[in-house]
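A.B. asks: Per Swiss-Prot, active site, schiff-base intermediate with D-ribose 5-phosphate is recorded for K119, and the stated evidence type is sequence analysis. Under the heading D-ribose 5-phosphate binding site, Swiss-Prot lists D62, G191, G254, G275, S276, citing sequence analysis as support. According to Swiss-Prot, the D-glyceraldehyde 3-phosphate binding site annotation covers K203, on the basis of sequence analysis.
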Amino acid sequence: MSIVPAVVELEKIRDFFYRLAEARDRLREAGFRHPAEVPLAVGTPLVKLGFIAMLRRGVIMDVTNVEQAQVAEEAGAVGVMVLDKLPYDVRKAGGVARMADLKIIEEVMDAITIPVSAKVRIGHFYEAVLLEQIGVDLIDESEVLTPVDEQHHINKWLFKTPFVNGARELCEALRRISEGASMIRSKGEAGTGNVAEAVKHFKAIYGAVRDLTAHRDDEEYLRDYARRCQVPLEVVKLTADMGRVPVITFAAGGIATPADAAFMMWLGADGVFVGSGIFKSQDPERRAEAIVLATAYWDDPEAVAEAQKMVSEKASMMGIDIRALKPEELLQTRGV
């Protein structure tokens, strides 16, 4: 994409977020204010979206300590996501999964130069407050951790730090954007090493986008879609006009090989999150480098082939067959 269309696209997104912010302010003036609202600095939409845009064609890797974060940085990752446990271990351990220790997050921030992100539980406003307080670059309101609110997500407009949220289909993505998310990722099924669910979710999202674009001149159709999704009509119109999800959208959930990463980019992802696929493998350093290469050069089959040769299937993480999981064991159904 050349610089002029990219700037025009970014300005459209900025204007949309400003309109949503104005609507929020009108509601506040009318008295619709959360009684426990904590005053926070509000980052401008342009700053939030501009930072996220710089991550395109990159890989954000899940890490649990400084050593893994340094491996990610050396491999060329555009960022790391700090967790207490990798998604595979979260799934195996059971119990309640919470935000990582703030001390560990700060140690990672001190040790590397690339952006540092961390996960909070869905609906846990104050975990997000703490992450913003210590200065993380991106907050992931994640279904991988145990939700504290099954009905409501965090009001992300109250934060200056950008948020990323997961989605399985377009309505879910647009609801999160309307709440202030600056970035969307496919949910997939984290911790399985099986990319099938991420593929299904990305196809569902962009199949719906194409349908909206085909009806972009049909006001009644767009209005009905907005009503069904429970989102502002403006966000639906913006999606239809742009022909894509209005914010940067990464693939996530089960990516374990360079080929997986390249495939998700081919489906329309702007970049990828890799969770357990790297550090639950037997060749994390080489695999991290290979996935970064395949993501950056996904449209060059020769480069992707070279990346795939860097890893061995025998060293890949032991995957989990999603069909063997019980409905209550699925992480993707949390927080819709």
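Here, residue 1 is simply the first one shown, and the rest follow in order.
Glycine is treated like the rest: Cβ placed from N, Cα and C.
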A.B. asks: Test of understanding: give the count of other CB atoms lying within 10 angstroms of the CB of K119 (active site, schiff-base intermediate with D-ribose 5-phosphate).
C.D. replies: 25
A.B. asks: How many whole Å apart are the CA atoms of the residue listed as 'active site, schiff-base intermediate with D-ribose 5-phosphate' and K203 (D-glyceraldehyde 3-phosphate binding site)?
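C.D. replies: Cα of the residue listed as 'active site, schiff-base intermediate with D-ribose 5-phosphate' to Cα of K203 (D-glyceraldehyde 3-phosphate binding site) measures 25 Å after rounding.
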A.B. asks: Determine the Cβ neighbour count for G275 (D-ribose 5-phosphate binding site): the number of other Cβ atoms within 10 Å of its Cβ.
C.D. replies: 29
A.B. asks: So if I measure Cβ to Cβ from the residue listed as 'D-glyceraldehyde 3-phosphate binding site' and keep only same-chain residues at least 6 apart in sequence, which ones fall under 8 Å?
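C.D. replies: Those within reach of the residue listed as 'D-glyceraldehyde 3-phosphate binding site', by Cβ under 8 Å and sequence separation of 6 or more, are L267.
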A.B. asks: For D62 (D-ribose 5-phosphate binding site), list the number of other Cβ atoms lying within 10 Å of its Cβ atom.
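C.D. replies: Other Cβ atoms within 10 Å of D62 (D-ribose 5-phosphate binding site): 29.
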A.B. asks: Let me check the 10 A CB neighbour count of G254 (D-ribose 5-phosphate binding site). How many other CB atoms are there?
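C.D. replies: By my count, 29.
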A.B. asks: With every protein chain in view, what's the tally of Cβ atoms within 10 Å of the Cβ of S276 (D-ribose 5-phosphate binding site), excluding that atom itself?
C.D. replies: 26
